[in-house]
């Protein structure tokens with residue numbers, strides 16, 4: 001047998017229930033084996049077929065020959081003073097991504113911020129990840145692997161009363177809807193009772209506005225939706241979020257209305273609005289935002305800008321952030337200020353740069369500009 005004829009083992013970590021059932025049927029096994037193995041992987045954190053004691057020895061041996069459970073490798077783990085935890089993970093081809101676990105409510109709520117791509121192609125002007133350029137999409141195994149790593153770090157069996165990860169937000173590195181074919185299977189695993197058993201309200205996808213894929217998502221899953229808006233007029237949003245030149249605000253919000261109409265329960269849209277000093281933090285910006293959302297059931301998350309080298313932007317003062325929030329309250333809107341978490345370990349929103357091995361021209365120019373300024 002030559003190396004060319006060796007069949008790679010199937011990584012079971014990223015398989016949905018349907019895919020896992022098909023895999024076992026292809027081996028001549030019953031479909032129920034899929035649920036057994038999924039529970040070992042996602043409930044028990046098991047990566048060793050020999051430990052799966054409710055499978056026959058013959059099946060375990062066969063699985064060792066034909067399959068594997070391969071998650072990302074932890075390169076770095078850090079814990080912030082506020083309890084936020086960040087992992088730098090090595091995925092296939094030696095690329096690095098980051099995932100962040102944010103505790104709240106006395107530790108009862110743990111929200112995992114998950115990456116969908118190595119780097120990001122959107123180049124939003126206020127986001128440090130975008131300045132690193134784009135390398136590739138993550139596979140479904142690499143996406144769900146972030147949940148697997150975070151859950152395993154607690155070393156406890158997972159069930160409905162003991163979930164190390166209670167919420168997932170697809171708000172890490174990358175634009176999830178530009179990696180649709182891998183993000184959707186990963187989210188299905190988050191929702192599956194044989195996976196992580198999260199409710200649709202506890203899984204949130206954040207998008208900058210890839211409208212065709214947003215319409216497609218509404219036909220497949222009705223997870224919670226967040227939109228990275230950051231401006232209430234096209235002129236400013238074109239500057240902050242270049243994708244707006246392709247799908248403008250009106251087109252995006254119409255897609256959001258269609259999405260909410262497909263949800264099987266009453267759901268609100270989350271609007272993400274990064275506050276940047278003297279750019280979008282004045283009273284007329286708040287009034288413009290309120291008018292824009294007048295007929296859309298929504299809540300607003302205000303995110304004070306997190307500075308990074310050569311961004312050209314500044315963080316507004318705390319007083320200005322509070323004023324902006326009050327203006328929205330006075331206009332009848334629920335507006336929450338997202339507390340900066342994990343900034344002492346570069347885990348705060350917008351700081352997910354990581355040690356991404358990216359060779360794009362934009363990344364090279366960014367590095368060169370830093371070096372020139374340092375000279």
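Glycine is treated like the rest: Cβ placed from N, Cα and C.
Record features, source Swiss-Prot:
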- 98: active site, proton acceptor (ACT_SITE)
- 106-346: domain 'Radical SAM core' (DOMAIN)
- 113-349: disulfide bond (DISULFID)
- 120, 124, 127: [4Fe-4S] cluster binding site (BINDING)
- 174, 175, 206, 228, 229, 230, 306: S-adenosyl-L-methionine binding site (BINDING)
- 349: active site, S-methylcysteine intermediate (ACT_SITE)
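Feature annotations (Swiss-Prot) mapped to structure.
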residue : record                               : DSSP class
98      : active site, proton acceptor         : strand
113     : disulfide bond                       : strand
124     : [4Fe-4S] cluster binding site        : coil
174     : S-adenosyl-L-methionine binding site : coil
206     : S-adenosyl-L-methionine binding site : strand
229     : S-adenosyl-L-methionine binding site : coil
306     : S-adenosyl-L-methionine binding site : coil
Item checked: Proximal residue to residue 228 (S-adenosyl-L-methionine binding site) among recorded positions 98, 113, 124 (C-alpha distance) -> 124
Checklist line | Residue among recorded positions 113, 120, 127 with Cα closest to the Cα of residue 230 (S-adenosyl-L-methionine binding site) | finding: 127
Note to self: Between C-alpha atoms, which of these recorded positions comes nearest to residue 175 (S-adenosyl-L-methionine binding site): 98, 120, 127?
What the structure shows: 120
Check: Which number gives the other C-beta atoms within 10 angstroms of the C-beta of residue 127 ([4Fe-4S] cluster binding site), all protein chains shown included?
Finding: 27
Next item on the list: Quick one: pull the CA-CA distance for residue 174 (S-adenosyl-L-methionine binding site) versus residue 120 ([4Fe-4S] cluster binding site), whole Å only.
Entry: 4
Item checked: Cβ-Cβ neighbours of residue 306 (S-adenosyl-L-methionine binding site) (radius 10 Å) -> 20
Next item on the list: Check each residue in the chain of residue 229 (S-adenosyl-L-methionine binding site) that is at least six apart in sequence and keep those whose C-beta is under 8 Å from its C-beta; list them in sequence order.
Entry: 237, 249, 271, 272, 273, 289
Check: Averaged over the whole of the domain 'Radical SAM core' (106-346), what is the pLDDT?
Finding: 92
